[in-house]
Amino acid sequence: MIAENTQTQMRKGILEYCILSIISRGEIYASDIIGELKKAQLLVVEGTLYPLLTRLKNNGLLSYTWKESSSGPPRKYYQITDEGRAVLSRLDVTWKELVFAVETSLQGRND
Amino acid sequence: MNRTIIININSIVFHIEEDAYDTLRSYMIDIKKHFGNTAESKEILEDIENRIAEMFNERIQTGRKEVINLDDVQRVIEQMGRVSDFEESEGTTVEEDFRDEQQAGQAPHVEYVGKKLMRDPDDKMLGGVCSGLAHYFGIEPIWIRIVLVLFFLLGGSGVLAYIILWIVMPIAETRADKMAMRGEEPNLQNFKKSFDQEAKSFSETFSGTGERIGRGARTAGNLLSGCLGLIGKMIAWVMLIFAGLNLLGLFIFYMFNMMNLFGLENPMFFPPLKGLATNDAILALTFGFLAIAIPFFALFFWLTRILFKTDKLNSYLSLTMFAAWIVSIIGIIYYCIATSQDFREKSTINVQKSIQPQEVYYFTEKDIRVLDASEQDSLKSKFNIQLDGQDLRNYLHRDISIYFESIDSLSQPYIQYSYSAKGKTYQLASERAHNIAYEAIQEDKTLLFPSHFLLKKNALDRDQQVTVTVYLPQGAKVVLQREIEHKIRDISYWECRNNYPNENQQKYTEWTMSGVGLLCAQPPKPKEEEEVKSKKKALLDDVEIKKDSIIRIDGSNVTIEVKDNNVKINTKKEES
């Protein structure tokens, strides 16, 4: 149980970081984000993404614009905001720190 | 063949098969419950719905089809992920955080699922009202049915309640509805359970019977039309016309009576309805109409089916008609019993009114149906009715009796009015008796008795009677006008009138109050004919006795000689 909990916590943190970095590359549609995440084997179902996107948007890290679609309803295209970029750069630093921390810890274990 | 439903997701229209729709619906309900009900979750749901619409669209375009089926929905759900997947990826603690955030003050994990009050079409006797109520209260339907029957027996309110509930309660048509009715969480597990149950009960109950009945009716119809041939067809035609005319007549009768009840006066009035309050009369009339019209309608329809080989009536409609017929019969019986109950107790109210002493009292009747111009409008305003046309006929009562009693010669004369009426309880009866308006009017020597009495407040016809007893001092002289004759009891008006020389033209009779009541003041007239007869008889007796005698009839010069058993009649003219 604790293991699962830790796993999901770890995943969740990384997931938001990854979404931010995917969107920072340029304007993108939600299902394309999912495609990317699926490729990275981070996410299995689409339904999980929408709450995350909404939360990031509500925190001012993302914004979106409606765009007409050739097939079906208009789509929401997400882009990163300046605040999002600031957060992302901070997260980049954190991530490096984390990688360092984890690697150091693992090194210690492997030796 | 599959029924399709048209749905609208973010203003895009999809045709979706029924089972696919049910699955999608319960999936969406699941998701909605998972995300709660806040502005944020609304946005999330919108995104999800949008995405689902897009995926449907893709499937329609790639699959080159028009309708979304169960497979499509399942694929989409797989891609979107189930609630359990969300929980897994979010983690329990996260979810709790989320919940606390959204639903502060509400205990987490305690999910109250409100039951919906709906009619259950799978377990029904009439309309599934009882089983729907049973689901709602979580008890066996049999108890609700027993209570309803008891209510019906105790006063009939059950029937009305049932009809109202039938109209008000929606029927649980879809599986999601049925789950809501049973108070089950509309998630996929329960949904599957419900589907299995339904499939089972359907195969058990319906598959055989309906088809068999249909086939039976069809063969019977064919057989009949085949065997009877032309004569049968003619009889059928006559019966068809007969049933049709009856239906038409019933309908006209019903409509005109309804108009009467709603205040549009017309001469077509069914008298027994007078015994009911307007609201009850409307219901009773409708019940009566249905009770008679439905069998005629069934006959009519059956005959048209035979003659024109039309389709048989939709089984739901025919069941409803049968149910309405049963309800109508029960309704009529109820009104008969309820109305007869309303005649159980009788109450009489006595009111004494003194009258001015006179030497001679003239009693006459005043026909209040005829308004005379010189008359003050006192009567009209007093009883507040319209004295025009047939309006009156329905509301006037003429059960009035007048008695005469003697009192001491020095006492003050008075009239005692006894108003009586019937009702379910004594109190109700006396209330009705109070609503009778009837009083004589004294104008000097004349006492005017209105020809009819009226009921205040539109009271119901409940055997209302007025008994008037006139107490007069002994020795008082009374003149009874002929108009009032039919109201007077105990004394023989007719005999007294015969004492007058010209009895058929006699407009009044005179009486004197004695210790034993009224006595005819006119002495009997001399009975001339009888006297003549008895004289003649006496004469003949004489003839018998005296063998030899001469009888001379005065003034006619006729003599009869009786001598030795020979009779000789002489008609000699008297010599002048």
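Cβ coordinates come from backbone N, Cα and C, glycine included.
Automatic, uncurated: that is what TrEMBL annotation is.
According to TrEMBL, the feature domain 'Phage shock protein PspC N-terminal' maps to B:115-171.
Among the features that TrEMBL reports, transmembrane segment is placed at B:150-172 (among others).
TrEMBL lists B:211-343 with the feature domain 'PspC-related transmembrane region'. Helix first, then strand, then coil: DSSP counts for the domain 'PspC-related transmembrane region' (B:211-343) stand at 114 helix, 0 strand, 19 coil.
According to TrEMBL, the feature transmembrane segment maps to B:234-256 (among others).
Marked as transmembrane segment by TrEMBL: B:281-304 (among others).
Per TrEMBL, the feature transmembrane segment maps to B:316-335 (among others).
In the domain 'PspC-related ToastRack' (B:388-524), the DSSP tally of helix, strand and coil residues is 28 helix, 58 strand, 51 coil. What TrEMBL records for B:388-524 is domain 'PspC-related ToastRack'.
Listed by sequence, the residues of this chain that lie at least six past the ends of the transmembrane segment (B:316-335) yet keep a Cβ under 8 A from its Cβ atoms are 126-127, 152, 156, 159, 162-163, 276, 280, 283-284, 286-291, 294-295, 297-298. Same-chain residues lying 6 or more positions outside the transmembrane segment (B:281-304) and placing a CB less than 8 Å from one of its CB atoms are 160, 236, 239-240, 243-244, 246-247, 250-251, 253-254, 257-258, 261-262, 270, 273, 310, 313, 321-322, 324-325, 327-329, 331-332, 335.
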